[in-house]
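Novice: Below is the structure I would like to discuss, written out as structure tokens.
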Amino acid sequence: MAATVSTIGAVNRTTLNNSNYGGLVPNSAFLGSRLKVSSRFTTSKMVTGNFKIVAEQDEEKQTEKDKWRGLAFDTSDDQQDITRGKGLADPLFQAPMGTGTHNAVLSSYEYISAGLRDYSYDNNVDGFYIAPAFMDKLTVHIVKNFLTLPNIKVPLILGVWGGKGQGKSFQCELVFAKMGINPIMMSAGELESGNAGEPAKLIRQRYREAADIIKKGKMCCLFINDLDAGAGRLGGTTQYTVNNQMVNATLMNIADNPTNVQLPGMYNKEENPRVPIIVTGNDFSTLYAPLIRDGRMDKFYWAPTREDRIGICTGIFRTDGVPFEDIVKLVDTFPGQSIDFFGALRARVYDDEVRKWAVGVGVERIGRNLVNSKESPPTFDQPKMTIEKLLEYGNMLVMEQENVKRVKLVTSI
């Protein structure tokens, strides 16, 4: 049997299954400043058995006195601790949890992106319309950033701005699909965080991820939706935070040094590929003025013409069998409406079918049939869309818009 010495610094050993090999385990103990070792080998045979050494574990002796023990979990107001605020803010305003951006002890390269967008549709087959001017601007900007032009400084950022609901983001996605580009996506909600500096770090991470895709031989770009909503200043009711400043400063720095984008705390001399940045917004005058200067950002104002509106609406109603003449009449009847208006108009036509189904099932049994049913969800026959019905629902939408502008319940008190 292996002897056990219960002294300070002792190692406790478990008993071997075969007691014949007990002499093979040496005995040692610290006695003051001297070390006594007694070892006696009774046989010279090779031993193939397994034995286990078990030490008594006392976590309090180590963790309570360790000054670094709370590095990844401290909720103090220390700028080094980037985990402050984790789980306390709405996830819309933070990067995805568990991806490395909230844990101070992880390497930045352990970040796994949730922003890579994969488009599975082909706009040529599905019949979507791309405005020629829009496609020309995006194509030229992207190609210029992948070329090496002599003595030419090409703006890295393309800012597409215009009225609300005019299809800026969707037109960009169609151009990306046409060119075979899977962009790295960001939105305005990711440009603010409870942790100072995290959105700026996220921009650099997404940019370097797009650069890695380009390095592997596939075109890519960084696509930021509604930049002015996240980094702009919209009147006196909007608070300008440190993150707003750092987002603007980071984009300016990347635009000036597009091939030398480093992550915080990780610096090397290896250059990364240049990545075009496409941003959308409604009003770029709310952004920091040096960011939108011509050397850094190329601006493109998107205001669809009548031909563009007809072409886009043809794509919206492509599966409904609406004649081209009716689409032209519909566009001309509502000339001041956005592109999104016609998508909402098409959705309104299904209201009658949904109402019939709800009445037939019974209001009290709707939940049982929609979310707690073994049967498949209900399907509807495609309603016939006539120009009369479209004009009727279109006028209803216009009346609702005018009613909101006219009543103004908050300001009328």
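Using the three backbone atoms N, Cα and C, a Cβ is placed for every residue, glycine included.
Copied straight from Swiss-Prot:
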TRANSIT   1-54  transit peptide
BINDING   G162, G163, K164, G165, Q166, G167, K168, S169  ATP binding site
Novice: Which state, by DSSP, holds S169 (ATP binding site): helix, strand or coil?
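Specialist: DSSP call for S169 (ATP binding site): helix.
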Novice: Find, among the binding-site residues listed as G162, G167, the one whose Cβ has the highest number of other Cβ atoms within 10 Å in the structure shown.
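Specialist: Going through G162, G167 one by one, the largest Cβ count within 10 Å is at G167.
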Novice: I'd like the number of other C-beta atoms within 10 A of the C-beta of G165 (ATP binding site), please.
Specialist: 15
Novice: Please list, in sequence order, the residues in the chain of G163 (ATP binding site) that are at least six apart in sequence and whose C-beta is under 8 Å away from its C-beta.
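Specialist: Listed in sequence order, they are N282, A303, S338.
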Novice: Fewest other CB within 10 angstroms, which one of the binding-site residues Q166, S169?
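Specialist: Among the binding-site residues Q166, S169, the lowest count of other Cβ atoms within 10 Å belongs to S169.
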Novice: Quick check on the binding-site residues: of K164, K168, whose CB has the lowest count of neighbouring CB atoms inside 10 Å?
Specialist: K164
Novice: So around the ATP site, G162, G163, K164, G165, Q166, G167, K168, S169 aside, which residues have their CB within 8 A of the centroid of those CB atoms?
Specialist: T280, N282, W302, S338, I339, D340
